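Working notes, beginning with the structure itself.
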């Protein structure tokens, strides 16, 4: 059964051009699914998997304390995999059809207030190459709203400071052009002229943002730095790698930006994904009203 999972992972990597994070999620979910089938249900052939087996696996996830969102992701991975097996004629049926996970209320993204963003962006000290790099990364994330995975994949050739935009590749390697403001452009220019060469050392790399080995910085490396910077900035809120992306979208909408324009900048295929930020702005307005209105 492991061979078919390997074939599927190769397919999504080569033919569908999915991001590394998505591929890792697929592989992790399917290994967990396969292990449960073989060790708990004693199913050793994909042709013998039934709808009941999948439902039992989803119940196992729930009983293990997994969230509805996690179960939904596992089911999406399982569906894609069984569709692949059917298409490749490994199996003659898709047992995942018509299986639904329990609908869960979508949590509102956590965002920073403007003064918190400013504290965060002002924290990196421009006394070392790492300070210039961290400043440039944070300014870029807040200025563009791009995903952390998109930022770390940026090449030097993707940055067009004189024209005020960057080129990035989103989910499914979909290309998009995103404008950047003066503050971010200035921070990137300073990083490239004063710091990147020192981080590069004797290595050869076209990656824009480098680690201390002169190689492309990893998502985990950025996340570790972000937590450290947030602590220094005195930010008490729980942060995620997407916090600046969420703040970017929310602050744009609060200041009257068009929803479709924000959708395009974020690279959302479906505008309903972008609409979650309109709920965030309404919630924030209610909080302000309750806090400051004398008769709230």
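Glycine is no exception: its Cβ is also placed from the backbone N, Cα and C atoms.
So that you can see what the record holds, here are the features copied from Swiss-Prot:
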- 147: active site (ACT_SITE)
- 171: active site (ACT_SITE)
- 242: active site (ACT_SITE)
- 245: active site (ACT_SITE)
- 268: active site (ACT_SITE)
- 277: active site, O-(3'-phospho-DNA)-tyrosine intermediate (ACT_SITE)
- 1-86: domain 'Core-binding (CB)' (DOMAIN)
- 107-290: domain 'Tyr recombinase' (DOMAIN)
Within 10 A of the CB of residue 242 (active site), the number of other CB atoms across every chain shown is 17
Separation of alpha carbons, residue 171 (active site) and residue 245 (active site) (Å): 15
Candidates 147, 242, 277 (active-site residues) passing the 10 Å Cα cutoff around residue 268 (active site) are none
So how many of the residues in the domain 'Core-binding (CB)' (1-86) end up helix, strand or coil by DSSP? 68 helix, 0 strand, 18 coil
What Cα-Cα separation, expressed in whole Å, is found between residue 147 (active site) and residue 171 (active site)? 10
Alpha-carbon spacing, residue 277 (active site, O-(3'-phospho-DNA)-tyrosine intermediate) to residue 242 (active site), which is rounded to whole Å: 13
Between residue 242 (active site) and residue 171 (active site), how many Å separate their Cα atoms? 15
Within 10 Å of the Cβ of residue 277 (active site, O-(3'-phospho-DNA)-tyrosine intermediate), how many other Cβ atoms can be counted across all chains shown? 26
Under a three-state DSSP reduction, the secondary structure at residue 147 (active site) is coil
Limited to the domain 'Core-binding (CB)' (1-86), I'd like the whole-number average of pLDDT. 90
